[in-house]
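For reference, Swiss-Prot has these:
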type	residues	note
BINDING	ASN120, THR170, LYS174, ARG292, HIS324, SER376	substrate binding site
ACT_SITE	LYS172	active site, proton acceptor
BINDING	LYS198, ASP200, GLU201	Mg(2+) binding site
MOD_RES	LYS198	N6-carboxylysine
ACT_SITE	HIS291	active site, proton acceptor
SITE	LYS331	site 'Transition state stabilizer'
Amino acid sequence: MVQSKAKAGFQAGVKDYRLTYYTPDYTPKDTDLLACFRVTPQPGVPPEEAGAAVAAESSTGTWTTVWTDGLTDLDRYKGRCYDIEPVPNEDNQYFCFVAYPLDLFEEGSVTNILTSIVGNVFGFKALRALRLEDIRFPVALLKTFQGPPHGITVERDKLNKYGRPLLGCTIKPKLGLSAKNYGRAVYECLRGGLDFTKDDENINSQPFMRWRDRFLFVQEAIEKSQAETNEIKGHYLNVTAGTLEEMMKRAEFAKEIKTPIIMHDYLTGGFTANTTLARWCRDNGVLLHIHRAMHAVIDRQKNHGIHFRVLAKCLRMSGGDHLHSGTVVGKLEGERGITMGFVDLMREDYVEEDRARGIFFTQDWASMPGVMPVASGGIHVWHMPALVEIFGDDSCLQFGGGTLGHPWGNAPGATANRVALEACIQARNEGRSLAREGNEVIREAARWSPELAAACELWKEIKFEFEAMDTL
């Protein structure tokens, strides 16, 4: 019966996507996954056809009518382009809003969501360029994800550190140190006043420093610095590996030696590996630091790719306790409004639509734990007031060269950063404006801290003043 009905209603051929997938009268449901694409059609392609093509090719459609369309309920499963807006101050660019039914996606799988929405349509010839700007994940879908292994509140309880940002450092040079010298640098930084040190993203298990040797020397440094400072310390041990089995072996060894936190490169490692590791971290009480290596390949271009706010949302669902988020004031890309938009999406429970900050949809995270943003890249002591004022307490401020580049060595570099941070927190708590008085706060603290004074003198002229590309 179904077969004869399908035969009777089937008309072979090619028809415009907009006839089926452009539905301006559609009202999105609470259970729909909503996506905003920045679409640049090829000359002569109407925006309605381009938006409908995106909806079709990222859901149920293909380039021609197929007989098996009659064997399913297309209206139930198809994506719908329900709204189109011209992009302000841009020629032939449009924000196309697409609603996807919940049943199109596997529960608890970021991999499946991204494969569906961006896996194929970005190579579509009718489009000159395409960028995924934002996604609204429905609560019904979010509840199928674990999210971060622990979250900000649990991390602070584990570390017994409250009322200020956490302070970190990436060990440099990133490649070439032996395991013992690497551990020595970790010890000096932690003893000097930092909360964390970090493997760089490309430190895995190279011939000059195998992972097991690094883990052991670093853990010795952590325990020695903790005994001397009476503070809980940690080092982000990068467990990223060539296979999932090897990654989990490294994670198990890190737990065995009682390290408090491990690290993963989530984009190069992949979302399946990241979700697996995040679930293991919750089960085993280990914090998870996430590096975004490779993100700029995906998100740097304004009209093509995936915006980092989408990658950050996906990471929160996949799982991670920390995520690098740019600095606004350092050497890496990041305009303040846009950056703080996705920082809020990482750590807040409910975020309202705010186009000025690039947030296209209101997002309810349904009590999913938050991710702590990590500001890292080209920052030093003179940036401290701005970083505290911009990111607030629930953040990790990470100084690599800004610690290890101190003229007196690693421990004095760490001390300089800790003094600068404590001075900024005290000034803020006393009601002073860090935006207006930040430099004076640092100068006052430098009068009684020779380590900070030396750092201030060294980096007083260093600035990274380039226009951000990531703007609305």
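Using the three backbone atoms N, Cα and C, a Cβ is placed for every residue, glycine included.
From a predicted model like this one, the values you see are computed outputs, not experimental measurements.
Spatially, by CA atoms, the recorded positions LYS198, ASP200, GLU201, HIS291 include one closest to LYS174 (substrate binding site), and that is ASP200. Comparing the Cα of GLU201 (Mg(2+) binding site) with the Cα of every entry in ASN120, LYS172, ARG292, HIS324, SER376, these being the recorded positions, the smallest distance points to ARG292. Of the candidate recorded positions, LYS172, LYS198, ASP200, HIS291, the one lying closest to ASN120 (substrate binding site) when CA atoms are compared is HIS291. The closest partner of ARG292 (substrate binding site) among the recorded positions, by CA position, is ASP200; the full candidate set was LYS172, LYS198, ASP200.
Sequence-distant contacts of LYS198 (Mg(2+) binding site), defined as residues of its own chain at least six apart whose C-beta falls under 8 angstroms from its C-beta, comprise GLY168, CYS169, THR170, ILE171, HIS235, TYR236, MET263, HIS289, GLN398. Listed in chain order, the residues near the Mg(2+) site other than LYS198, ASP200, GLU201 are THR170, ILE171, LYS174, ASP199, ASN202, ILE203, TYR236, ASN238, MET263, HIS291, each with its Cβ within 8 Å of the site Cβ centroid. Here the Cα atom of HIS324 (substrate binding site) is found 6 Å from that of HIS291 (active site, proton acceptor).
If you check the recorded positions ASP200, HIS291, SER376 against LYS172 (active site, proton acceptor), the ones with a Cα inside 10 Å of its Cα are ASP200. Counted over all residue pairs in ASN120, THR170, LYS174, ARG292, HIS324, SER376, the record's binders of substrate, the longest Cα to Cα distance measures 37 angstrom. The most crowded of the recorded positions listed here (LYS174, HIS291, HIS324) is HIS291, judged by how many other CB atoms sit within 10 Å of its own CB.
The highest number of surrounding Cβ atoms within 10 Å, among the recorded positions LYS172, ARG292, is found at ARG292. When the alpha carbons of ASP200 (Mg(2+) binding site) and HIS291 (active site, proton acceptor) are compared, the span between them is 9 angstrom. With the fewest other Cβ atoms inside 10 Å of its Cβ, the least crowded of the binding-site residues ASN120, THR170, SER376 in this structure is ASN120. You'll find the Cα of SER376 (substrate binding site) roughly 10 Å from the Cα of HIS291 (active site, proton acceptor). Of all Cβ atoms in the shown protein chains, 18 besides its own fall within 10 Å of the Cβ of ASP200 (Mg(2+) binding site).
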